[in-house]
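> Got a structure for you, written out below as structure tokens; questions coming shortly.
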Amino acid sequence: MNPKIRKPNNSSSKKVTVSVLSVFLVFVFVNTFFYPSFYSDSGSIRRNLVDSRESFHFPGNFRKTKVYMYELPTNFTYGVIEQHGGEKSDDVTGLKYPGHQHMHEWYLYSDLTRPEVKRVGSPIVRVFDPAEADLFYVSAFSSLSLIVDSGRPGFGYSDEEMQESLVSWLESQEWWRRNNGRDHVIVAGDPNALKRVMDRVKNAVLLVTDFDRLRADQGSLVKDVIIPYSHRIDAYEGELGVKQRTNLLFFMGNRYRKDGGKVRDLLFKLLEKEEDVVIKRGTQSRENMRAVKQGMHTSKFCLHLAGDTSSACRLFDAIASLCVPVIVSDGIELPFEDVIDYRKFSIFLRRDAALKPGFVVKKLRKVKPGKILKYQKVMKEVRRYFDYTHLNGSVNEIWRQVTKKIPLIKLMINREKRMIKRDGSDPQCSCLCSNQTGIIHGV
């Protein structure tokens, strides 16, 4: 016997259908008369989403940032190179920029002087009409100027005079005055570069290696860009692993430094007697550079200690050498941390922990060869970011970082124009203060 099949309640079904239809008609009525733009714009919104995805995946499609590079008087660029050489030249533009750890100013300048067809993958495009520019680049060789001044005392060259002259020239420019320099980009790689005039250029996006010599109202992670030193030794191209690396740890540099660099002398005393640790004094010279290359290429770990400032080119030499950096520098700032996680190829040690007898070598001896190999593989992937000669290296990444500042630049320009000037006795800066909790994440 078949069970009885219940017939649907037709009146209930009709009521549900009528209710759904009524809600739909009300929705259409409201959106048609009160929110018509939703429908008219939906196609463009959808297209914009597709366009943005395509731009993200295909770099050639996005709008490049337009950068105007000032045609500075030659005494701020090639004239500084001429002063470094000490001999007059009929054509200063033919002079070669001398090699040193702050060559970023040269690479950025030369990048903008290259034909556009050779700047493949760059997020910026150079424009020659300042009215078209999103940003303005000031190409003064401020770090080289310091070298010339300190290297030839009594020669008659003054870096401070160069700084004053540069800023006076800038302040006479219409485009600088328009927004108080906020849409300008200035490289000041050496910690003392532009120190005398920093208060007059602090509104600009500063390209710096650290913030150690800058006040909180002069430099910040929000406004400025941390850039890498130019590494001085050849990259390691040999076999990965520890087979060719007979030293546990390597360091070569000045033993005695001021302020935060005092940790060097203490660590020298702790480490110099360890049998497979190479730690010795040395200043910059061709002979010592060869010794550094040999030491870094044959060591598993390379020690990075704070000097007069927390940063140094030694870290980037280590990465180029695939020598695992051991960083003992509590306040160090590192470049490009939005795309690079340094913990994946570096070991960070707190200063107080590193100064405990036996702590450093004991910790490093526990790192297995397989772990070192993983560190090396990551370094090999990321080291292009620290190579100014790489087609998609430091230069492109610096421009990308600068481009990301544009929304903040526009915000600050508009905000400044409508706000009453505040009392200068309480300076404020749009500053990102990292790790406000005070929690220490190093070992």
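In case you wondered, yes, glycine gets a Cβ from its N, Cα and C as well.
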> Look through N10, N392 and state which residue has the annotation N-linked glycosylation site in Swiss-Prot.
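Record lookup in Swiss-Prot returns N-linked glycosylation site for N392.
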> Swiss-Prot annotation N-linked glycosylation site: which of N9, N75 has it?
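According to Swiss-Prot, the N-linked glycosylation site annotation belongs to N75.
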> Whole-number Å distance between the CA of N75 (N-linked glycosylation site) and the CA of N392 (N-linked glycosylation site)?
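Spelling it out, the Cα of N75 (N-linked glycosylation site) and the Cα of N392 (N-linked glycosylation site) are 30 Å apart.
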> Could you say which of the glycosylation sites N75, N392 has its Cβ with the most other Cβ atoms inside 10 Å?
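That would be N75, with the most Cβ atoms nearby.
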